[in-house]
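**Q** To start, I am sharing the structure in question, which I have written as structure tokens.
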Amino acid sequence: MNHALTLDDVAGLARARLSPPVWDFVAGGAGDERTLAANRDVFDRVWLRPRVLTGAGRPGLGTRVLEADWAAPIGVAPLAYHTMAHPEGEAATARAAGERGLPLVVSTFAGTAFEQIAAVTAAPLWLQVYCFRDRATTRAVVERAERAGFAALVLTADTPHLGRRLRDVRNGFVLPPGVAPANLAPGDYASPAAHGRDELDPDLDWSVIGWLRSITALPVLVKGVLTGEDARLAVQAGAAGVIVSNHGGRQLDGVPPTLRVLPEVVQAVAGRGPVLLDGGVRRGTDVLVALALGADAVLLGRPVLHGLAIGGAAGVGRVLDILVEELTDAMTLTGTGSVKDAGPALVREQW
Ligand SMILES: Cc1cc2nc3c(=O)[nH]c(=O)nc-3n(C[C@H](O)[C@H](O)[C@H](O)COP(=O)(O)O)c2cc1C
Ligand SMILES: CC(C)CC(=O)C(=O)O
């Protein structure tokens with residue numbers, strides 16, 4: 001594991017550990033996977049403009065998001081069923097993130113009980129909310145997370161139903177034995193495709209933010225915003241922040257890569273709350289580019305499951321350490337002393 005020097009190295013090792021259908025479930029996107037590929041390609045089209053002799057020295061990576069300290073502008077994106085990648089699941093992830101002062105967004109479909117996750121980390125925990133047709137189910141999940149000490153909600157807005165993930169259709173994907181949501185009432189969750197089609201509420205509108213705020217004191221962020229128009233509506237509806245995300249290319253194939261739409265969302269939010277980005281972040285320079293284009297922080301998705309697969313908490317730790325080391329390197333070598341010093345002058349489109 002220690003010879004893995006990049007997140008792609010970790011992915012290569014993880015692939016050999018996971019069954020082909022589980023690998024496909026994790027790696028795959030919707031349709032032809034154009035958006036999935038673009039999330040990464042877009043980072044290759046941007047170059048950094050380093051400043052020299054700035055006297056910036058060793059950079060400070062720490063930042064504050066929603067009045068909490070993060071050791072670096074990097075969090076773990078909500079991912080269903082960490083138990084698919086390692087039996088200790090979200091508890092292992094939380095331990096690794098917590099030891100490094102990094103936050104974790106826990107999925108509604110977590111494979112580990114919220115209380116067990118909260119017991120092993122002092123770093124911020126946010127709950128990702130899938131809103132079900134049955135609001136009582138959603139309410140119970142939210143209340144349980146709040147009781148367990150979670151600090152914010154992340155409403156996933158891009159999933160009125162699950163996208164067309166052709167790898168899973170071809171594999172007839174069902175969850176491996178023993179993998180199930182640990183914070184929902186017992187039920188038949190074996191096929192994420194069927195469950196995601198039948199149980200999620202396809203009729204949600206912006207009033208859901210007000211409803212969530214009426215059942216909890218926690219701030220609500222909206223995940224899955226890809227336009228300035230929706231970013232504005234999110235803030236007007238009472239959202240505390242937005243997450244620019246196309247769900248890692250797993251929902252609608254053909255929507256733009258997240259980095260492309262980040263500037264219009266940042267402009268629309270206009271400082272009224274944090275703007276986070278996920279999708280295709282695999283290198284420290286990717287993090288720095290996202291910061292330069294206005295993100296307050298990024299969330300990391302698939303690589304976390306890869307880390308779990310290769311070594312549980314130690315594997316996730318390796319993934320987070322690589323990214324933090326690479327970001328430190330990129331900030332040092334561009335003369336960027338702190339997270340807030342990363343601005344648009346730091347980047348230039350490919351020419
Ligand atoms: C296996 C898997 C499960 C996911 N589960 C959820 C989920 O439960 N809720 C959610 O909002 N997003 C979910 N996502 C999307 C991620 O939160 C995130 O948007 C995406 O993975 C980021 O892209 P990246 O994997 O390229 O870093 C999932 C993604 C993957 C790969
Ligand atoms: C179990 C699913 C609803 C979660 C997932 O795969 C996703 O949100 O991408």
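We count from 1, first residue shown onward.
From the backbone N, Cα and C atoms, a Cβ is placed for every residue, glycine too.
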**Q** Of Arg165, Arg167, Arg170, which does TrEMBL put in the glyoxylate site with His247, Arg250?
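**A** Record check against TrEMBL: glyoxylate site with His247, Arg250, extra candidate from Arg165, Arg167, Arg170 is Arg165.
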**Q** Rounded to the nearest Å, what's the C-alpha distance separating Gln128 (FMN binding site) and His247 (glyoxylate binding site)? Just drop the number here, would you?
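**A** Taking the Cα atoms only, Gln128 (FMN binding site) lies 12 Å from His247 (glyoxylate binding site).
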**Q** Round to a whole number and give the Cα-to-Cα distance in Å for the pair Ala80 (FMN binding site) and Arg165 (glyoxylate binding site).
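**A** With distance taken Cα to Cα, Arg165 (glyoxylate binding site) is 15 Å from Ala80 (FMN binding site).
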**Q** Have a look at the binding-site residues Arg165, His247, Arg250 and say which one has the shortest Cα distance to Pro78 (FMN binding site).
**A** His247
**Q** Closest to Val281 (FMN binding site): which of the binding-site residues Arg165, His247, Arg250, going by Cα position?
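**A** Closest by Cα distance to Val281 (FMN binding site) among the binding-site residues Arg165, His247, Arg250: His247.
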